[in-house]
Amino acid sequence: MEVGRDFEKSPEDRTSDLRQRKLLPRDQDTDVQRSGPNLSQSTIKHVKMQKLLDKIQSKKLEFLRQVDSQLGELFDEVTQEVNTFQQPYTNGNGTVQRNSNSREGQKIFVPRDSLLTDLFEMQHIQTIYHIFVAILIVLMINTFVYDIVDKGSWMVDFSMVSFAFDRMPIVLHTWVYMQLSTIAVYCAFNHWAHNRGKYGAWFDWLYCVGYLGYQAGFGWLPLRQICYHSLPPTAALIVVCEQVRMVMKVHSFVRDNAPKVLKTKEVSSADGPEKCLLCPDFSKYLYFLFAPTLVYRDEYPRTPSIRWNYVVSNFGQVVGCLVYANFVLVRFMIPVFQNIGKEPTSSKVLVLAIFGSMLPGMLVLFLIFFGVLHSWLNAFAEMLRFADRQFYKDWWNSTSFAGYYRSWNVVVHDWLYYYIYKDIMLLLGYHNKTYAALSVFVLSAIVHEYIIAFSLGFFYPVLLCMFGGIGVVLFFLVPQQPSRMWNIGLWVGLFTGMGLLMCLYCQEWYARINCPRVYDSYADYVIPRSWICMMQNVH
């Protein structure tokens with residue numbers, strides 16, 4: 001047999017043959033030579049299969065990345081071509097025109113899984129997931145042992161979780177009213193679309209002013225609930241985030257459909273004049289309100305069925321992320337900052353606290369990403385059979401902050417791009433891309449700080465300065481030919497930024513608990529009390 005003839009050869013000859021057959025890498029030459037005649041056929045098969053499996057997994061990951069990138073570019077090119085060669089239509093005077101309402105490069109929804117869903121099919125990525133689960137288990141054991149030794153208690157302290165989610169009935173009550181108000185917007189829009197032809201231009205302006213008034217009232221009433229009931233951070237965060245989400249949803253619906261109604265012309269038929277386009281069906285609007293996207297379309301790609309085990313798994317991961325965040329804050333953040341205002345604070349303590357907050361801050365960032373952008377959105381996408389699940393891209397591979405901002409949260413990025421960036425360029429001209437980009441950054445920074453301020457109950461513009469100041473500079477600091485080394489700089493910036501955010505916000509939170517109130521007016525909400533405590537401790 002051929003195997004028998006192989007063993008009659010010297011170890012060097014067998015090694016050369018194996019290398020020629022591509023069954024053995026060069027770094028295993030010495031192992032084969034050392035084995036000599038003891039090398040068996042099963043060993044050769046094992047080496048061959050292991051090499052083949054590693055190569056397949058590596059090629060699979062590379063293939064997925066290339067396909068995702070090339071498909072995205074392909075769909076963008078096809079979309080631009082389609083919008084360039086629009087089908088003409090005939091207006092009321094019989095003149096052939098092109099649709100001037102069409103905006104180039106509109107988002108195309110296609111069936112696709114989230115990136116982590118595909119990556120978790122690989123054993124190596126699953127191991128990274130298992131490492132984070134192991135860290136959670138170690139944190140739980142660490143906290144449990146600490147409570148027994150230090151406090152003599154057998155119960156894990158979840159008081160922070162119960163405090164954060166306190167008064168949830170008020171949150172639910174507020175959310176129901178906000179949701180009903182968005183339905184009222186559809187009713188008003190439908191009435192306007194069907195009756196505007198009976199009146200003059202004043203009817204359009206009346207509804208436009210009414211829409212702006214609605215947005216103003218919708219921005220005030222939820223905030224009144226937060227301040228009146230003094231909602232805790234997590235409860236207030238839910239209300240504010242849902243408020244922002246619904247404002248973006250309503251604007252998307254109105255922005256996409258109002259121009260269509262304004263462009264609608266009366267066409268003749270056997271039964272007399274009729275409208276060729278009116279308001280979309282309510283079922284489409286209702287589906288959009290809960291779909292995990294902020295860009296309105298009449299139709300979305302759908303999956304054939306609902307995998308309820310996948311839904312339960314994703315909601316379970318959301319709960320796991322909440323428990324994870326609780327242990328991170330209890331073990332690493334609260335012990336450091338809970339005595340702010342009770343003890344003297346120096347610049348040395350502040351610097352050490354910032355660097356000590358970097359690792360917990362990044363863990364919290366990972367948990368927000370995985371819990372919200374992956375698990376939560378995938379759970380709702382599965383329940384609604386929403387097939388396009390590109391809620392994020394591979395932001396961890398970005399070599400610039402511009403790439404990171406575009407790929408971190410695709411859901412919000414798409415809304416900002418299609419309804420803010422492109423509309424500003426439409427108003428100012430397509431040569432003013434810099435002003436449009438700056439406007440998007442300013443708006444995004446203000447909204448992020450708005451969410452943080454009303455969630456925590458005070459205005460401390462750390463995120464506003466970092467996002468709207470340093471973030472703008474880093475956004476335009478894009479290398480011409482970025483190398484992988486820039487990815488290291490991105491991660492260093494993320495670690496440093498999260499350390500600053502976690503440290504300064506935690507410091508201000510506990511300063512407002514431990515330090516006496518200085519101002520009885522609204523100035524108390526905008527003047528950092530931690531600064532006053534530090535100055536008083538110095539004197």
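Each Cβ is built from the backbone N, Cα and C atoms, and glycine gets one as well.
Taken from TrEMBL, the feature active site covers HIS448. Cβ-based neighbour count (10 Å, all protein chains) for HIS448 (active site) stands at 17.
Residues or ranges marked as compositional bias 'Basic and acidic residues' by TrEMBL: 1-32.
The annotation region 'Disordered' is assigned in TrEMBL to 1-41.
Under the heading transmembrane segment, TrEMBL lists 128-149 (among others).
The transmembrane segment annotation in TrEMBL covers 169-189 (among others).
Annotated transmembrane segment per TrEMBL: 201-223 (among others), in sequence order.
Taken from TrEMBL, the feature transmembrane segment applies to 315-337 (among others).
Sequence-distant neighbours of the transmembrane segment (349-373) (same chain, 6+ residues past either end, Cβ-Cβ under 8 Å): 116, 132, 317-318, 321-322, 324-325, 328-329, 332-333, 336-337, 391-392, 408-409, 411, 494-496, 498-503, 506-507. Residues or ranges marked as transmembrane segment in TrEMBL: 349-373 (among others).
The transmembrane segment annotation in TrEMBL covers 433-452 (among others).
Sequence annotations record features per position, and here TrEMBL assigns transmembrane segment to 458-478 (among others).
The transmembrane segment annotation in TrEMBL covers 490-510 (among others). Within its own chain, the transmembrane segment (490-510) has Cβ neighbours under 8 Å at 333, 336-341, 350, 353-362, 364-365, 398-401, 404, 452, 456, 458, 460, 462-463, 466, 470, 474, 528-530, counting only residues six or more beyond its boundaries.
The stretch from 169-189, 315-337, 433-452, 458-478 with the most CB pairs below 8 A to the transmembrane segment (201-223) is 169-189.
Counting same-chain residues at least six beyond the ends of the transmembrane segment (433-452), those with a Cβ under 8 angstroms from any Cβ of the stretch are 237, 240-241, 244, 412, 416-417, 420-422, 424-425, 459, 461, 463-464, 467-468, 471-472, 475, 505.
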